[in-house]
Amino acid sequence: MTVQIDELDDKDLDEIIANGTLDGAKQGAVDSETMIQYYRHLFPWKYLFQWLNHGPVVTNDFAHREFAFTLPNDAYIRYLSFSNWEELKKEALNLCPSRFEVGPVYSANPRDRKTIRKSTFHPLKKELVFDIDMTDYDDVRTCCSKTNICEKCWPFITIAVQVLDICFHEDFGFKHILWVYSGRRGIHAWICDEIACSLDDRSRRMIASYLQVVVGNPQGGVRLINNLKRPLHPHLTRSLNILKSAFVKIVLEDQDPWASKEGAENLLKLLPDKDLASALRKKWEVDPERSSKNKWSDIDTVLASGSIASISPSVIAIAKQDIVLTYLYPRLDVEVSRHLNHLLKSPFCVHPGTSRVCVPIDIERMDSFNPLKVPTVNDLLQELDKNSQNDNGHGPTMETNTTENQKDNARGQSNKGHGFSTSLNPYTLYFKSFSSQLFKETVGNKRKHENLEF
């Protein structure tokens, strides 16, 4: 059970550490020593600072930012804040969190919240965030379920990102969108534009509602979509055009969800005419081996035969559009997006269950991104050791009886601080580039504002 330590003073926290009550970590994929090595040699602390601070000189965008640590024993510490990235790194090495989250910028330093009036302590701004979790597709994917993913079902996430990214740019004018793999089965979007960070809860709820199309089904089975009016909203028309091009490959071929009798019934339930459903059911009983792709085509074939007079082709066309949206439109955890004070796992954290790093993804390379090939923290440390051996001329390995300082020095020389000699390098460089572009625009906006105040 998670223990919240959100009301502790620094003195209290120091006492807990001194008494060793942070021990007793769960047996997981990543041990504390591995995490310490990762935080010391691989985590891009400086670039994380530049991303959140929007510049090289410390501002309240970083100094008044809330961080929350999840400790190895599942204790959860909120309202941490730091003056610079060195302090953040030092605390991470001290407490060795299994993960940490980023929250809003507050009106005062979160560490001082007990010494000021509650009315003066409130969140001011935070990136607008979105979360897509593969488990929300369990009713339409056949290859995996729960926390499992594979190369067949990950395209559900890929096409969802494509739909949302275009929407963020074209419908809202956002420019700086950081997509981050969650480490196991999902993806997070951080919209970092200044105007997005300043949105209040009401505005965030409106944007989340604008994007929410697929909702739960009280009766179970395939999820439903909101009652969509025709003609479709331009956002949905654009989204449908994107999704239709991927529907055959992702749904009909890779998932083949209607191959079985039970699966076929799920399709028939989504059709608005009982006579059409009955005719299709009889056809498939005669030929039960028909694939989902063939059954999808059968809808038009039976309708074109003229044997079903109770419904028009236009109604069926609309129904098929709705089915495409039901299966492929992005499924969002909207609660993540609705509130300014919501915390979200930081980029480059390590997922404790998979050991994979939560890497940022270049949107231009989203189609080729494979979550199963994302480096694990153990892979990265092995790469560092191998590179340190090469750099030192067959120097000491992690298996020899060298001291920890010798190992650290070897790793540090090879790593140059941010894992540039490992497979984390492309993700780190992309994050650096993203942060630099965000900083340039932030500075440009400030200069424009200053020029207007003459």
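The backbone N, Cα and C atoms fix where each Cβ goes, glycine too.
For the Mg(2+) 2 site, Swiss-Prot gives ASP131, ASP133; the one candidate out of ASP333, ASP362, ASP367 that the record lists there too is ASP333. Swiss-Prot lists motif 'Zinc knuckle motif' at one of the ranges 88-98, 143-153, 165-175, 176-186, namely 143-153. The Cα of HIS342 (ribonucleoside 5'-triphosphate binding site) lies closest to that of GLU66, out of the recorded positions GLU66, CYS143, CYS144, CYS153, ASP333. For the pair formed by CYS153 (Zn(2+) binding site) and LEU344 (ribonucleoside 5'-triphosphate binding site), distance between Cα atoms is given as 24 Å, rounded to the nearest Å. In this structure, the C-alpha atom of ARG185 (ribonucleoside 5'-triphosphate binding site) lies 14 angstrom from that of CYS143 (Zn(2+) binding site). Between the alpha carbons (Cα) of GLY183 (ribonucleoside 5'-triphosphate binding site) and CYS150 (Zn(2+) binding site) lies a span of roughly 13 Å. Within 8 A of the CB centroid of the Zn(2+) site residues CYS143, CYS144, CYS150, CYS153, the other residues of that chain are ARG141, THR142, ASN148, ILE149, GLU151, LYS152, TRP154. Taking ASP131 (ribonucleoside 5'-triphosphate binding site) as the reference point, the recorded positions whose C-alpha atoms are within 10 Å of its C-alpha, out of GLU66, CYS143, CYS144, CYS150, ASP333, are ASP333. Its Cβ taken as reference, GLY183 (ribonucleoside 5'-triphosphate binding site) is surrounded by 24 other Cβ atoms within 10 Å in the chains shown.
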